[in-house]
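Shown below is the structure under consideration.
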Amino acid sequence: CSFENGTCDWQDSSFGQVQWVRGRNGTLDSGPSVDNTLGTELGWYMGLEADRGEEMSPAALQSPIMKEASSTCTLHFYFNMHGEESELKVLLKKGPRITTLWWLAGNSGDLWQHSNVVIGRVPHDFTLLFEASTNFNKPGHVAVDDIDFTNCSLPAEPQSCSGNTFMCNNSACIDPSHVCDFSDDCGDRSDEIDCEKQGVVERCNFEQGLCSWAHSDVDTPEGDWTRQAGQEGWPRHGPPRDHTDNLATAGSHLTARGQISEILSKTLLPSFNCTVRFFYFSMSDDSAQLTAKSRTLKSGVDDEMLWIRGSSHSYSWQRAKVTFSSSVISKIAFRYELGDTERGLVALDDISFSRECNFDPENSKLPETLPTSSPHTPPVTTTPMNPCQDNEFFCRRSAGKVCIPVTLQCNYHPDCPEGEDESGCGSCTFENDQCLWSDASDGPAKWQRQKASSNTEPPEDHTIQTGDLMLLPFLGFYMTVNLSQGSTQTEAKLLSPQLKPSSPYCQLLFHFHISAESTGSLRVLMQQAEGGEAILWSRSHNTVSHWALAQMPIGLFQQTYKFPTSSMSFYFVLSLISPGDHVVAVDDISFINCETTYEPPALSSYGCTFEDGLCVWVQGAEDELDWSSGSGPTETPNTGPTADHTTGTGKYLYIESSHPSEKENTAQLKSLLLPPAGENGYCFTFWYHMFGATVGSLKMLLKSADSSNKILVWQQSGSQGDEWLLVQSHVTLQRVHQVILEATVGGEAGDIAIDDISFIHGPCPDSDLCDFEEGSCSWQQEASDDFDWIRKWGSTLNPNTGPESDHTTNTPKGHYYYLPSSMEDQAGQKALMSSPLYSESKGSCLQLWYHMYGKGMGTLNVYQQSLDGKEVLIFSQTGDQGRLWRFAQAELLPRIQPYRIVVEGVKTGPTLEGDMAFDDVHLTDAQCPPHGFCDFESSFCSWSNLGGRVDQGDWLLGAGASPNPNTGPTVDHTTNSSNGHYIYVDSSVGEWGDMSYLVSDVFQPSSRGHCLTFWYHMYGSHIGTLTVYINDRKMHAGGNEEGYLKWTKAGNSGDQWLQDSVYIKHEEAFWFVFVYERGKSIGGDVALDDITIQPSSCYSEPSVFPSNNSNALYAGLAVGLMLLIGITISIFLFMLNRKW
């Protein structure tokens, strides 16, 4: 459950003074400011809130009833714990029994952290509880988000089992290495019965004692493995549950006590491929060691290391196995050595040996020494003598005596002539070895170094196949993990060597491959010495090509380097969602800009025209698409640019929205890490192109190197016309950060392009347009009014009023100014906001967009105010104008002194349905176009698309011939040339019957009525229907988006522009709506041009007569016409009679 759409049947079952509540956008005391799912203030999570209960009991969040779980069932969740007196637990409830699965107390920082715990085998219904408490008298909060479960289903019944699998009684198939290992992998326990018949004789669950295991007396002062039951030793000296029964109240296991604890198995006879399986629980620090060794001498001096616990922490029992061979008698020794801290928590349970293991019935003692053999002379090797001092590093591969300070080793920069001082320091191509990268997996699947061949996936590595030898097939090495069908392992881990402190600009680069069949995720985690982990990167879908590049910021790591305890390291973690054939590979790991002396280049060097590649920008790896380099038109017609912005003949970047891309797919472009913006910040500029019937969105985001959260700075959605548009954003972030440009596919006709990125020190130049995305643009609140206008994004707080998004970006993230309404309002109260002072020579026309929706709407006034304070009203609108943004424009009056624009909101009285807003104020030097006129040569004027909430496609600005064959115009009507513009609907997008709405601004009633005149073009074999409606506030408030039908036309009218008119006489404010309903195929483009609306009668009669207020007039005209005809006939008959 992500809690974005509810609680998914998770319920608060608290009865004390604290409860779980679904919330968002909290404070340090009430919850995180952002959720984990979206990383924004809009996302939801479950957090603690004070309640009115009487008991001081913790809050409990209970899951719905869950069916039985498999032995590998794992719970994943994210938590946020801020405050010293906070505590969080995960509990398993089976009937009246409650078992602790996971626990944490204290301050974990105001950030989201991932955790998981193996629930284990539960053979009946159960529920889970998140139990939490905090002190509301002190700053702090507790929250959880993104609860998920993996590998919880019992094995499915296949059609047949392969020869190398074990068939359960329920016909499921499992790996034979899991038979008789004290884990119910079949789901019916048939893999845990008749074990002696299966050849598994030596096994112990410690329920009745130590079986044949015995304590060791080798170097174990005051140390011992102690048998404990259930949660007897928890939380300081043992786990909260036994593994065998998965209960807190039953079962026994071994826990380590003392500085060194060691326990020995029964003596084994010489064996080949003997496997020991065991379960361990470990919550010790990284300096502690839990090992499994093969011992052939009583003293243990020749012990062979078989297994060592990785540095991972786990709140669960983990399964491990080791396979070994011995030509002499031996014992298995489990040894635990306490680390630097005095506290250690390690346990063992359910140890079993495979059928290949042969045991001595007499359990003979091990010899003191090995049998003697004939002497032999070991080979002689020559190792270069180290001529350097103790505080120096010897460059062994370099010619001559080269010594460098030891502090330069592993500093992310080669200082030896041959670079050997950076060997084993993190960067690795895997061509010669693993460079100290090591497998830290707990189960049978391991990361391993793989040579590329025709039988491997991928069939080539990345290093050689992108270098000088790329024409030679099947060369090179990489790291891979292949998890085959039937595997129930949840994770496979590849661990880096410890890394030294880095610069704030440090970034990790690597190439990766995920097979198409994979149903898991590849993650990169950073682990520090104290045990904390942070997810840096995650990918859960396959790579389009064999190898994909990932680049992620690490940032500053300041901890003092004391090998091996105070350092940082990384995990590549493969997590599985379901069993199957999974191939994941990693190659060419490197670190860039990580040396502590690194200084970033000049800000201008981060700019790019994309003429010669991506410059210092990189493709995102967590997304589904890549940005493509393009020149000229894109592949999909009726979308994308026809040329780049830089030269008109160069290159740009774009996303291809047609197949195989899918709706909501994203593509990210990321900069290298940038320095803090400085006192005056910098201006980030780029050009974008968003044209098509189903364009998605484009975002500009900022991400700090020390945070996983992204800051949305700018966003645009929908078609913006067939032109390149400029974005300027003033960045003031005072942290090392990166800029991310993210495009989202909206549909098959939604190509989005970018070009010409630049960085300039200081604020961005002033603009005649203010969209309020980055602030107020120096607009100021008046002090003498009653209220202030409020800058806001998203929907307003009151229902049934106000906008749901801004006008600029048409998204909930865009900003606008609004005046909220309340029940305390009084009629006539005002809020005023004034623009900066403009010179008397600046501006001829003022244009803005306003939103006035609600039954209690007041009045919006716009004034032109001279420097001496005199005001002239230039625009006014009153009452509900419908649930959409409306266009307003006003001619500015002549002036001889500087002036301001003042926007005034006037309230009608107490109401919750009177939120008004304004956005996108534009001052132009050109004269305002006539009200109601548009030739579409530069824009839509006051006409606008209604949007995806109602319709399925947009009207587009076009020029020349349509890309769709045998349909649409080849020239516009205004200029009668291919250079002129018109608007049209692209018939190649969408389905039969899809609607596209075009809405005018509002017109006031006129005694003379209004005449709508327009030119239309309807040519093609599958033309749909074009209609004209009028709408008003009453109809729109009732949910009618169209209104009264006034004109309609359907079918092919030929390759020509045709004119028609519609006469309207309406008694209240109204607006026009053009609606095109798509035909059944691609040959159905419809276009409009040269629309004029005038307060007068029309010269020609409309195709469909109006049917509302004018009916009486038309009836009167009809009666008059009949009388005239009658009089004419009478006169004719009279004259005829006189003649006779």
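Yeah, the Cβs are placed from backbone N, Cα and C, and that goes for glycine too.
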I want to verify the bond table. Which candidate from C152, C161, C186 sits on the other end of the disulfide that TrEMBL records for C173?
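Recorded disulfide partner of C173 in TrEMBL: C161.
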C186 pairs with which of C168, C195, C204 in a disulfide, per TrEMBL?
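Of the candidates C168, C195, C204, the one TrEMBL pairs with C186 is C168.
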List the Cα distance (Å, whole number) between C161 (disulfide bond) and C425 (disulfide bond).
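C161 (disulfide bond) and C425 (disulfide bond) have their Cα atoms 45 Å apart.
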From the Cα of C168 (disulfide bond) across to the Cα of C195 (disulfide bond), what is the distance in angstrom?
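Cα to Cα, C195 (disulfide bond) and C168 (disulfide bond) are separated by 13 Å.
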Taking only the Cα atoms, work out how far C186 (disulfide bond) lies from C410 (disulfide bond), in Å, as a whole number.
49
Reported as an integer number of Å, what is the Cα distance between C168 (disulfide bond) and C180 (disulfide bond)?
12
Quick one: give me the count of other CB atoms within 10 A of the CB of C180 (disulfide bond).
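Taking all protein chains shown, C180 (disulfide bond) has 24 Cβ neighbours within 10 Å.
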For the C-alpha pair, I'd like the distance in angstrom between C410 (disulfide bond) and C180 (disulfide bond), rounded off.
47
Per 10 Å Cβ neighbour count, which of the disulfide-bonded residues C161, C168 ranks highest?
C168
Taking the disulfide-bonded residues one at a time (C186, C195, C410, C425), which has its Cβ surrounded by the most other Cβ atoms within 10 Å?
C186
Using DSSP, how many residues in the compositional bias 'Polar residues' (628-647) fall into helix, strand and coil?
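Helix, strand, coil within the compositional bias 'Polar residues' (628-647): 0 helix, 3 strand, 17 coil.
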Could you round the CA separation between C173 (disulfide bond) and C180 (disulfide bond) to a whole angstrom and send it over?
14
Which whole-number value in Å describes the distance between the Cα atoms of C180 (disulfide bond) and C425 (disulfide bond)?
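Spelling it out, the Cα of C180 (disulfide bond) and the Cα of C425 (disulfide bond) are 42 Å apart.
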